[in-house]
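**Student:** Quick one: structure below, then a few questions.
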Amino acid sequence: MLEIKDLHVHYGNIEAVRGVSLDVEPGKVTLVLGANGAGKSSTLKAVAGLERPVQGSVHLNGDDITRLAPHKLVRRGVVLVPEGRRVFSPLTVAENLRLGGYTAPKEAYDETLARVYEMFPILADRGNGAAGLLSGGEQQMLAFGRALMSQPKVMLMDEPSMGLAPVVVDSILAKVRQMADSGIGILMVEQNADAGLDVADQVVAIARGEVVYSGVAGDARSHASVLRAFLGEAALAEQ
Amino acid sequence: MQDLLSVVTLGSIYLLFALGMSLTWGTIDILNFGHGAIFMFSSFTAYLVLQQTELGLPLIMLIGLIVGALMSLLIQVLAFEQIIKRAKDKRAAEMQILIGGIGVAIIPLAIAQHYTKSNPFGFSKSTFKVNTWTMGDLRITNIAALSIVVAVVLWVSAAVWLRRSRQGLALRSIGVDAETAALMGIDRRKMALATMAVAGGMAGLSGVLFTFGLGAITPESGDTLLVKAFACIILGGVGSMRGVAFGAFFLAAAETVVLTQTSGSWVEAVSFGLIFLVLLVRPSGVFGRAEVRRT
Amino acid sequence: MSAQPVEQTTTPVLELRDLAVHFGGVKAVDGISMKLMPGLIYGIIGPNGSGKSTLIGAITRLTRMTRGELLFDGASYEHVPPSRLAQLRVTRTFQTVRLLPDLNVRANIQIGADARTTSEQKAGRRPSWFERLRGPAASPGVADAIRRTRLEGFESYYPSEMSYGTQRRVEIARALAMDPRLLLLDEPTAGMNQSERAEISGLLRDLREEGLTQLLVEHDVQMMLDTCDYVFAMNSGQLIAEGEPDEVVRNPAVQEAYLGKKWGKDA
Amino acid sequence: GSHAPASGKGLPAEIKLVSVNPTTGVVAFAGASANKGYQLAVKEINDSGLLGGSKIKLELKDTKSEPQTAASALTSAISDRDVAAVFGSVSSTEAVAMSPLAQKQGMPIVYTQAGSHGVVVGDYTYRATPLMSSYYPIISKFIKEQGYKSVGLMYTSVTPTLQEIGEKTYPQLAENLGFKITKSIATSATTQDFAAPISQLLASKPDVVAALEVGASNPTVMTQLRQAGYEGKVLGNSGASAGNLKPAGKAADGMVWPADFNFQQSAASSQKFVAAYRAAYSEDPLNYAAEAYDAAHFLARSIAAAGSIDRVAIKDAMKKEAAKSFDGALGKDLKWVDGTLQVPGVMVEYSTEGEKLLYEGTGQ
Amino acid sequence: MMSFYDSHLVLFQATFTGLILALSIQVPLRMGVFSFAGAGSYGIGAYLAAILVIKQDASAFVAIGAAMLATAVIGLLLGLLIFKLNGLYLAMATVAFDLIIGVIAINGGKTTGGSTGLYGVITDFTMSQLFTITLIALVLVALSEVGRTGRRVDAVRDDPELASSMGISLRRYRLTAFVVSGALGGLAGSMNVLVRSAIGPLDIGFGLIVLGLTMIVVGGSRSWKGAVIGAVIFTWLPDVLTAIGAWQELVYGIVVALAAVFLPRGIYGVLVDLNKGLQRRSRERHDPPPAAAEEAAGDVDPTTGDVRELALNEEAVP
Ligand SMILES: Nc1ncnc2c1ncn2[C@@H]1O[C@H](COP(=O)(O)OP(=O)(O)OP(=O)(O)O)[C@@H](O)[C@H]1O
Ligand SMILES: Nc1ncnc2c1ncn2[C@@H]1O[C@H](COP(=O)(O)OP(=O)(O)OP(=O)(O)O)[C@@H](O)[C@H]1O
Ligand SMILES: [Mg+2]
Ligand SMILES: [Mg+2]
C-alpha cells in the first residue's frame with residue numbers, strides 16, 4: 001500500500017502541491033481529477049522521485065520512500081507512466097519495450113511482451129522502427145506497454161488515455177482494471193473523467209494543489225460539484 | 001604494402017583514442033574535450049613513475065589505464081555531473097560540457113608543460129624494448145602490432161556490448177532522455193560513471209601505446225589528436241561504432257596517402273576537405289542515422 | 001448544423017485532390033480528397049495511426065507529400081514552401097506542444113502575430129527597416145488571443161513553468177494571433193478535462209461565427225459532435241466515411257474501427 | 001629617485017631593460033634558457049662598471065608563447081618611459097608581432113633565435129642570432145667526408161626556418177656538392193606519426209636521411225627511422241638539442257646538425273662564457289643562453305656609447321656598434337650584417353653520452 | 001608615469017577584435033547554426049586586408065570593406081553548400097573549412113608569406129576608428145536580438161519546423177547567418193591585422209575557435225552582452241593572471257572550468273535568471289494568482305467559489 005501524506009512540491013516560489021494526502025491500495029484504482037495546473041502531475045512526479053517534495057512523506061508498505069531516487073523506486077515496483085509519453089525517440093519500439101523491462105524478472109519477460117503485443121498489435125508491426133516516428137496515439141500505447149513490461153506493484157499513470165482513439169481508451173482502461181484486479185495498486189490521473197470513473201475505486205479531486213474532494217468512485221458520479229467541475233454541465237443534464 | 005601497414009597502425013591509434021570519446025558522446029551525450037588531456041596525462045604519469053623505478057610494458061599499460069580511468073571519473077564527478085545538474089536544457093548542457101572539458105583539459109596540460117618545459121617525454125627508462133619484426137619486405141614493431149590488437153579487441157567488444165547487452169541499451173537510453181531512463185529503473189549516475197571510466201581508461205591506454213610507438217610525445221600531443229578524433233567520429237556518424245572505426249581508418253589512409261604521394265604540407269587541407277565532401281553527401285556521417293523527427 | 005454544401009458555387013478555401021504521403025512502406029495518407037468551404041468547422045476522426053496528423057502535416061507543407069494536389073482559394077500550392085503558407089494565413093497547432101522555451105507566453109504568442117505582419121506587408125505598404133526589425137510594438141491580436149484562451153495572468157510565464165494543459169492553450173493562442181483564414185488544430189484539447197474542452201469548443205464555434213474555416217482533429221467524440229459542421233473519418237490513410245457528425249458516428253465501419261463502447265452502443 | 005643621473009654621461013642609476021620571452025607554453029624551453037643568458041650577462045655588466053655607476057635592472061615578462069601577449073607586453077614596455085630597450089622574443093611569430101610596434105614607436109629591441117623575415121625591419125630592430133640558413137652549409141664538409149651521394153629529405157613546413165632549409169638550402173647544397181635528393185617530403189604541424197613518410201624516404205634508397213623537424217618531433221623521427229631499419233646518420237637541425245632527443249634513447253645516436261653554438265667550441269670568448277655559465281647555473285649552456293648573452297652585451301655597449309637612456313640615442317649607438325665586430329659567446333670576430341649577427345657555426349653529433357663537437361666552421 | 005591606457009593598448013584593441021570574432025560565432029549559434037566559419041573568415045579577412053595594404057597600398061577602410069565583402073560572399077557560398085547540415089556535423093564542416101584556410105595560408109607562397117605570414121601592414125587606422133566600427137557592428141547585432149527579429153531567431157533555433165509554419169523562411173535565415181558570420185569574421189580579422197600589422201598561419205588556427213566559443217559560452221551565448229562580457233574577461237584574464245607567474249595557465253583552466261560548471265547559461269544568463277526571479281516575485285505580489293484563471297476554467301461554482309465547500313455541503317444531485 002502506498003501512502004502519501006501531506007505532500008508539498010514547490011518550484012522556486014510557486015507552490016504547486018500544498019499538502020496532498022492520499023492512499024493507493026493494492027487491487028484498487030485511485031483516480032485523480034483536477035483542472036489544468038492543479039498539481040496532479042507534480043504530485044505524481046514527487047512520488048516517483050522526479051521532484052523533491054519540500055514537505056510530507058510517501059510510504060510504501062510501511063517503508064519511507066520519500067525522496068528516493070527514481071531508479072530505486074522502480075526496483076521497489078513503483079512505476080510512473082509520465083505525462084506526454086516520453087518514448088525514447090531514436091530507439092526502436094522493441095528496444096523501448098526492452099527498457100521497460102529493465103528491472104523486471106527475466107522469467108516472465110517473454111510472456112509480458114507477448115501480452116503487450118497482443119494488446120497493441122501495431123507495436124509488434126513496428127518493432128524495428130524508431131519509436132519517434134510513431135503517431136501520437138501509437139506512442140502513448142508504447143508508453144503504456146513499456147510500463148507494463150516492468151511488472152509493477154504500484155503504477156502511477158499520468159493521463160494514459162491522452163490522444164487515444166475511444167476504442168483504445170476502452171481497452172487501456174479495461175487493462176487498468178484488470179491489472180488492479182490482479183493486485184496492483186494504481187494511481188491514475190485522467191482527464192477523461194467519464195471513462196476514468198468507470199474503472200476507478202477511489203476518486204481524489206485536486207484544485208490549486210490541495211485535495212478538495214475524496215471519496216468512493218460511485219459516490220463521485222452522484223456528486224454535483226465533481227460532476228460540474230470535471231465532467232461538464234452536460235453530465236449534470238444527463239442525470 | 002608497408003604503407004598499408006602504416007595506415008592500419010595509425011588508424012588503430014586513432015581508433016583507440018576516438019573509441020572512448022565516441023562511447024561517451026554516442027551514449028551519455030558527453031562530448032569530452034578533456035579526452036586529449038587524459039590521454040597525455042596518463043602517459044605523463046607513467047613517465048614520472050618510470051623516472052623512479054623501472055617497469056615493463058604490462059605495468060605501464062596498467063598505469064595508463066588506471067590513471068586515465070581515474071581522471072575521467074574525476075572530471076565526470078567534479079565537472080560534467082555538476083553541469084548536467086545545473087543546466088536548464090540538454091542543449092545548453094552540451095555546450096557547457098564542451099567548454100568545461102576544454103577548461104579542465106588546460107589543468108593537466110599546464111602541469112605537464114610546467115614539468116617538461118614542453119620538451120617531449122618518452123619511456124626510454126622502461127625495461128620493455130621495442131622490437132621490429134620483419135616478414136619479407138614488411139616491417140612491423142611489436143608495439144604497433146599490440147596497438148592494432150588492442151584497438152580491434154576493444155572496438156569489437158564495445159560494439160557488441162552496446163548493441164546486444166542490456167546495459168548497452170540502457171546506456172543509449174540515458175543519452176536520449178536521462179530522466180525517463182531513470183523511470184525505467186536505470187541508475188543513470190552509475191552507468192555514466194562506468195562509461196566515463198571505461199572511456200578514460202581507453203584514452204590512458206592509447207596514450208601509453210602511442211608514446212611507446214612514437215618514442216616520445218609532448219604535452220600538446222593530446223590536443224592534436226582531439227581534433228582528429230572529433231573528425232573521425234563525425235565522419236562515421238555520432239553514436240555508430242562502425243562509424244568511428246571507419247572514420248579512424250579513413251583519416252589515417254587519407255593522411256598517409258597525402259603525406260607520401262603529394263606535398264605533406266597539404267595533409268590537413270586534403271583530409272579535412274575529404275571529410276567536408278563526405279558530409280555534403282552524407283549529412284549525418286557515413287554510418288550515422290538521421291535524426292528522428294516528425295511533425 | 002449545415003450540411004456540406006457540395007454544389008456551391010463559392011470556391012473552397014482548401015481543396016485536396018488525391019493526396020498521398022508514404023514513408024517507405026508505410027502509407028500514412030493514401031489518396032485523400034476533400035473540400036473545405038469557408039466559415040465551417042470540419043473534423044477528422046480516425047484510429048491512432050490512421051494518418052490524421054500526417055494529413056495536416058502535408059496540408060501545411062511540413063511533411064513531404066508523395067502525390068496529389070493542394071489548392072488554397074482555388075490556387076494550387078504544392079510547391080510553395082511552408083514558410084509562405086503563413087502569408088496565405090494558413091496556420092496550425094501541433095499534436096505535441098511546441099513552445100519556445102526561452103520566450104514567455106506573450107512573446108510566444110507574438111510569434112504568431114509577427115507572421116501576420118509579414119502577410120500584411122506583402123499586401124500593401126512597405127514598412128521601414130526599423131519597423132521590420134522591431135515588429136509592431138504591441139499587436140492587438142496578441143491581447144485578444146490571450147483573452148480568448150483565458151491566459152490572462154500568465155503573460156510573463158515561461159513554458160516550463162506551466163502545466164501541460166495551460167501550454168496547450170498557448171499553442172492555440174499563438175495560432176489565433178496570426179488571424180488565420182484557415183486553422184488546423186491537431187488534438188488541441190488533449191490533456192484538458194471535459195469542462196475545459198467545452199470551453200475550447202465554444203471558442204472554436206465563436207471563431208466560426210467570425211468566418212474562420214477550421215479543420216479539427218480530436219479523439220473526443222462528444223466534442224466533435226458539439227463542434228463540427230462536417231466530419232471526415234479516416235482509417236489506414238483513407239477516408240472511410242464523411243458527412244454530418246452524428247451520421248458519421250452511426251456509420252458501422254467507423255464504429256468498428258474507431259468508436260468505443262460508449263458510442264458504439266448509442267447507435 | 002631612479003631618474004637621478006649617476007654619472008656625468010646622463011645615465012640614470014638604474015637602467016630598466018625588459019625581456020619579453022616565453023617562459024610558459026610551447027616554446028618555454030627556449031625562452032627560459034635565453035633569460036638565463038640575459039641574467040648572467042646583466043650581472044657581469046653591472047659588476048664590470050661598463051655603465052659607470054649605473055646598474056641594469058632586468059625585468060622578465062612571459063609571453064606564454066602567444067604573439068598577442070608578446071605584443072601587449074612590448075606595448076606596455078614602450079609606454080613606460082623608464083625602459084631603455086627590450087630583448088625580443090625567441091619565437092618568430094611573436095617577434096613578427098613585436099617588430100612593427102618597436103620600429104614605429106622607436107623602441108630599441110634585440111632578438112635572439114627568431115629566424116624569420118619581418119623580425120629585423122628597421123634601425124631599431126636587431127637579431128643577435130644568425131639565420132640557420134647562413135651557417136647550415138658548414139654541413140657540406142660532413143657530407144663530403146662521409147661521401148654521401150644521395151640524400152632523402154623530410155622537412156616541416158611549419159617553421160619558416162626549416163622550410164627554407166628544406167626548400168632552398170638543401171637543393172643549393174645538392175647542386176654545389178653534386179649529390180642527389182632522392183625524395184623530398186614536407187610534413188605538417190599535426191603530423192605526429194612519421195612512419196609513412198619515413199618508409200617512403202627509405203624506399204628511395206638514399207645514402208643518408210635528412211630530417212628537419214621541430215624540436216619535439218626529433219625523438220619520434222629518430223625512433224621511427226630506427227624501427228624502419230635505418231642505421232645510418234641523420235642530418236638534422238639544432239632544434240634537436242636542449243634535451244629533446246633524450247626520450248628516444250639509443251635510437252637518437254648518430255643525429256648530426258650544424259649549430260650556431262656549442263659549449264665545447266674553442267673560441268676563448270666562448271669558453272669564458274661557458275665557464276661563467278657553469279659557475280652560475282651548474283649546467284652546460286645552450287645556444288639560446290649564448291645568444292642572449294651576446295645580445296645583452298651588445299645592448300650594454302650601445303647604451304654605454306649612447307651615454308643616455310634616450311631611445312633615439314641608443315638606436316644611433318646600436319648602429320655604430322653593429323658596424324664593429326666583437327668576440328662573444330657565439331665565437332670570435334662576430335659581425336653584423338643587416339642587423340643580424342653572423343657566426344661561423346659548429347657541427348654537432350648527438351650520442352646518449354652527450355653532444356659531441358665534430359668540427360667548427362670558419363666563416364665565409 | 002605611463003598611463004594605463006597606453007600600456008594596455010594592445011589589450012584594448014584585442015578586446016574589440018575579439019568581441020567581433022566572438023559575435024561571428026554567436027550570431028549563427030543563436031540561430032541554431034553551429035558554424036565556426038567565422039574563424040576561417042577571420043583568417044581570410046586578415047590576409048586579404050594585409051595583401052591589399054602591402055601590395056596595393058589600400059587605405060584602412062578600403063581594406064576592411066573589401067575583406068568584409070569577400071568574406072560575406074564566401075560565407076554565402078559556404079552556406080549554400082552546407083546549410084542543410086545540422087548540429088555538430090555542420091560544426092565539423094566549418095572546422096574543416098577553417099583548417100583548410102590555415103593550410104592555404106601556409107602553402108600560399110609569396111602571396112601569403114608561407115609559414116612566416118605577412119608583416120608590415122601599416123596604415124593610419126586609429127583606435128577611435130576601431131572603436132566606432134566595433135560599436136556599429138555591436139549595435140546591429142544587438143538589434144537582431146530584440147523585437148520581431150529576435151523572436152524569429154529564437155524560433156529558428158529552437159524549433160525550425162514551428163518557425164517555418166510561422167512564416168519564417170529557414171533557408172533565408174540560415175543563409176543570413178552564414179553571411180553575417182562571414183562578414184563579422186572578416187571584419188575582426190582585417191581590423192586585427194591593421195592594428196597588429198602582422199598575420200601568420202599560427203594566428204588563425206583552431207585556437208581562434210576555442211577562444212571565440214569560450215567567450216560566448218562563458219559570457220552567455222544568447223545575447224550580445226554575453227559576448228561583450230566574455231570578450232572582456234578572456235582578453236584581460238591572461239594579463240591579470242601574469243601576476244601569478246608559473247601557474248597562470250593552470251589558474252586560467254580552473255577559471256574556465258568553474259565558469260562552465262557554475263554558470264549554466266553564462267555570466268549573462270545568471271543576470272537574466274536573477275531578473276526573472278525578481279519578475280516572478282513581483283508577479284506574485286501584484287498579479288492575481290493565475291490559478292484563479294484556471295479555477296475559472298475548472299468551472300467552480302460561482303456562488304461559493306470553492307469546490308471544497310460544495311463537497312462538504314454534500315449537495316444532493318437534482
Ligand atoms: N518545472 C516547473 N517550474 C515552475 N512551475 C511549474 C513547473 N512545473 C509545474 N509548474 C507549475 O505547477 C503547477 C502545477 O503543475 P502540474 O503540471 O502539476 O499541473 P497538472 O495538474 O498536471 O495540470 P495539467 O492537467 O495541465 O497537466 C502549475 O501552476 C504549473 O504552472
Ligand atoms: N516520418 C515517418 N516515418 C515513418 N512512419 C511515419 C512517419 N510519420 C508518421 N508515420 C506513420 O504514419 C502513420 C500515420 O501517422 P499519423 O501521425 O498521421 O497518425 P494519426 O492519425 O495522427 O494518429 P494519432 O491519432 O495517434 O495521432 C502512423 O502509423 C505512423 O507511425
Ligand atoms: Mg499534468
Ligand atoms: Mg496525430
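Note: Cβ is positioned from N, Cα and C throughout, glycine not excepted.
Okay, so TrEMBL annotates it like this:
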REGION    E:281-304  region 'Disordered'
TRANSMEM  E:6-25  transmembrane segment
TRANSMEM  E:32-54  transmembrane segment
TRANSMEM  E:60-81  transmembrane segment
TRANSMEM  E:88-106  transmembrane segment
TRANSMEM  E:118-143  transmembrane segment
TRANSMEM  E:175-195  transmembrane segment
TRANSMEM  E:201-219  transmembrane segment
TRANSMEM  E:226-244  transmembrane segment
TRANSMEM  E:250-271  transmembrane segment
**Student:** Report the listed stretch (E:6-25, E:32-54, E:88-106, E:118-143, E:250-271) having the maximum count of Cβ pairs within less than 8 Å of the transmembrane segment (E:175-195).
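**Tutor:** Of the candidates E:6-25, E:32-54, E:88-106, E:118-143, E:250-271, E:32-54 scores highest.
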**Student:** Tell me, please, if the transmembrane segment (E:226-244) and the transmembrane segment (E:60-81) are in contact, taking contact as 3+ Cβ pairs under 8 Å between residues separated by 6 or more positions?
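**Tutor:** Between the transmembrane segment (E:60-81) and the transmembrane segment (E:226-244), which are separate recorded stretches, there is no contact, as judged by 3 or more close Cβ pairs.
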**Student:** Between the stretches E:6-25, E:32-54, E:60-81, E:250-271, which one has more Cβ pairs under 8 Å with the transmembrane segment (E:118-143) than any other?
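**Tutor:** The stretch with the most contacts is E:6-25.
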**Student:** If I count Cβ-Cβ pairs under 8 A between the transmembrane segment (E:32-54) and each of E:6-25, E:88-106, E:201-219, E:250-271, which range comes out on top?
**Tutor:** E:88-106
**Student:** Quick one: find which recorded stretch in E:6-25, E:88-106, E:250-271 has the most Cβ pairs under 8 Å with the transmembrane segment (E:201-219).
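**Tutor:** So the stretch in question is E:6-25.
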